[in-house]
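Engineer: Pulled the feature table from TrEMBL, pasting it below:
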type     : residues                                      : note
ACT_SITE : B:205                                         : active site, proton donor
BINDING  : B:9, B:10, B:11, B:12, B:13, B:14, B:15, B:16 : NADP(+) binding site
BINDING  : B:105                                         : NADPH binding site
BINDING  : B:190                                         : L-homoserine binding site
DOMAIN   : B:350-423                                     : domain 'ACT'
């Protein structure tokens, strides 16, 4: 059987998982691809730190060029992370005619379209299934199974760290700070959790999902992004008592040929499939005009799930090499789209305010809502210390422009303080 | 652009959907495949019944041979259903060198391996994504994304009719008979619902899923199949009060290289993703050694979801024609496996019995459980009329062999009547 040589950049958690799967399932992979896949060379920072790999007969090097310029290597697997200089390494590999598999979400979200063009020009494959929702094969599913359908909405829980933190806050009534600390201690959150808790990581994934769903490139600045770091435990418990679970939801919706892409805390009805996604798991809902709503659920990160997605990409690349069909883009679908205006984006909202507990205050809030032509399904006074009351309203469907009007009016009312405003998801029938 | 001609057998609900998608998304399909796909001929029972199709310039015929033997047709789409004579038509198409796409679950489950061999011998594609869980792209996902992983368990809700009936029973406290009648009136159940309510339809889907997950062919007689037609509304409500939702779950598990494939009513914990699958929707959970648990959820049937899966297969077949890679089997993975013995299959069980409400009876039940070395997490007396009591026990993990012993012992005890025994699913973390 012919062999195909694979080089790797990086040998951290995911890289170790890739190596393990490639070794343990070599026979099955050969049966599927008709080729023996051999990892021959791995570029690492400290060669001496991996004696067990050297024993496998794999060459370790601290020079990435030794991998990038090796004429025998056909597939380069990038699992070192980071945008610079990793981008240049991938470009060099592609220009050297190698196929590239990467799990690098930040890089693909920020420089993906540039890399895709270089891959195409060099008739090389560039695959990155692992970059979104680790173990969930969502990108290839969109490419293969929604090809003839028109996707109308993609939404989901695409960041495991924040979902872990929110799960703890809901289940144990913890504050955000306490839940973050516990997540850090257990290794579910990094010591600098900014990218996760501010919603940036989820936003990068929504950029990639938007590309696959609508064939449209959007930038981070095109998205409305809100993290979980401002969430008050009071609102989590209040939502719970009303039958909702608070989740950080990314959504990319097509509205009258315009796109609205956002990441924000959202109230999810308890009987909605997204409400049952616990801890570090991810889930993506895709709504197609023909298919209706489908959901894909699984581990969003972790060594082996992510490594499995990388190996699936290596297998797909190998099949293309065998078939002589390399260099077709992962997702060939391209179109332009403008962003939706706030007047086009509709939802129901949860609005929490604090106000003096004196007659006339509730009337003021009602007037603000009425002036914005907003009707509500419920208004609840949730707590009062005799002086100040907390009031929560859930609106019917209103536009984002109406919500902005309401928030502006509340800001102008000295005696009413806005504590939170979150989207409320519709029930899934 | 070159065109590829497609012939269809049947023009019922799904066929109409396929025609609609192919017409409305012609441009997008051409962009993806590089070919213009043209439906040129459709075999129907009554030509005169489809004047609107004739107007599209598509030839209608009541002679299937006009499609099967048309040298210009490269892809035959079978959406007429039934096992005989449909099987012979598909064989004829394959022998004539045509690629075949079918949504015919009964046929694939019963005669799939035979048809796959004929397709391979003739270098033809045979695709049938729509045969399992209509709109959910589960088969292709297993092929592409679990290629290098070892699947350990596949379980799911794969029959929409029974899930609709159970959803009504849980939500509205309806009896099985009332829920079935309502499902029939709304078109969610057929006038002869036997295949659905007895679990046969779900069993066929589990046969196909087992083939894809483990590369193993099993027959209907290899499965343990129990339907929903004997479920007592009392047990549904009892389960509900204990925090469970009753679902008809198909499961195919690999245990020590042995397979256990079953369809049966199961108690699902309310915070488990399967518990939120409402009405006619389907969901399949796949557990891989590397990936962990993933779930795929969506419409299990219906005109457009099923048609979309058929069109995805047509697109996949067309890509293969263009690439010259036809005739690789949909799932090339093959291995032999024996069936697991009852002593190898472990689960927790819900056991409901009726017994005289007199002292000593509960002791008898406890003795039976103890003799079978079964400990229980709870025992509840749920109702009594003063003479007869209903008692429900939930066991810890026991083997199926132990369950059989318990049931045998209860059968031998004249004063205790077994009312129900259902598997209890573990919570999903």
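The first residue you see is number 1, and the count goes up from there.
Positions of Cβ are set from backbone N, Cα and C atoms, glycine also.
Since the structure is predicted, the reported quantities are computational estimates derived from the model, not experimental observations.
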Engineer: Are any of B:105, B:190, B:205 (the recorded positions) within 10 Å of residue B:16 (NADP(+) binding site) when you go C-alpha to C-alpha, and if so which?
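Structural biologist: So the list is empty; none.
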Engineer: Could you round the CA separation between the residue listed as 'L-homoserine binding site' and residue B:12 (NADP(+) binding site) to a whole angstrom and send it over?
Structural biologist: 16
Engineer: Excluding near sequence neighbours, so keeping only residues 6 or more apart in the same chain, what lies with its CB under 8 A of residue B:10 (NADP(+) binding site)?
Structural biologist: B:42, B:43, B:44, B:78, B:79, B:80, B:81
Engineer: Starting from the NADP(+) site formed by B:9, B:10, B:11, B:12, B:13, B:14, B:15, B:16, give every other residue of that chain whose CB sits within 8 Å of the mean position of their CB atoms, in sequence order.
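Structural biologist: Sorted by sequence, the hits are B:8, B:17, B:18, B:79, B:80.
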Engineer: In angstrom units, rounded to an integer, how far apart are the Cα atoms of residue B:11 (NADP(+) binding site) and the residue listed as 'active site, proton donor'?
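Structural biologist: The separation of the Cα atoms works out to 23 Å.
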Engineer: Whole-number answer please: how many Å between the C-alpha atoms of residue B:205 (active site, proton donor) and the residue listed as 'NADPH binding site'?
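Structural biologist: Here the two Cα atoms lie 7 Å apart.
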Engineer: How big is the Cα-to-Cα gap, in Å, between residue B:12 (NADP(+) binding site) and the residue listed as 'NADPH binding site'?
Structural biologist: 16
Engineer: Would you count the other C-beta atoms found within 10 angstroms of the C-beta of residue B:11 (NADP(+) binding site) for me?
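Structural biologist: Taking every protein chain into account, the count is 22.
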Engineer: I'm trying to understand the geometry here, so how far is the Cα atom of residue B:105 (NADPH binding site) from the Cα atom of residue B:14 (NADP(+) binding site), in Å to the nearest whole number?
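Structural biologist: Each residue's Cα considered, residue B:105 (NADPH binding site) and residue B:14 (NADP(+) binding site) end up 13 Å apart.
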Engineer: Tell me which residues of the chain lie with their Cβ under 8 angstroms from that of residue B:13 (NADP(+) binding site), as long as they are six or more apart in sequence?
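Structural biologist: Same-chain residues close to residue B:13 (NADP(+) binding site) (Cβ under 8 Å, separated by 6 or more) are B:303.
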Engineer: Identify, among the binding-site residues B:12, B:16, the residue whose Cβ has the fewest other Cβ atoms within 10 Å in this structure.
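Structural biologist: Counting other Cβ atoms within 10 Å of each of the binding-site residues B:12, B:16 gives the minimum at B:12.
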Engineer: DSSP on residue B:190 (L-homoserine binding site), three-state: which is it?
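Structural biologist: Its secondary structure by DSSP: coil.
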Engineer: I want to check the contact list for residue B:15 (NADP(+) binding site): same chain, sequence separation of six or more, C-beta distance under 8 angstroms. What comes out?
Structural biologist: B:8, B:42, B:77, B:79, B:80, B:307
Engineer: If one looks at the chain holding residue B:9 (NADP(+) binding site), which residues at least 6 apart in sequence have a CB under 8 angstroms from its CB?
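Structural biologist: Set apart from residue B:9 (NADP(+) binding site) by at least 6 residues yet with Cβ under 8 Å, we have B:42, B:43, B:64, B:67, B:76, B:77, B:78, B:79, B:80, B:86, B:89.
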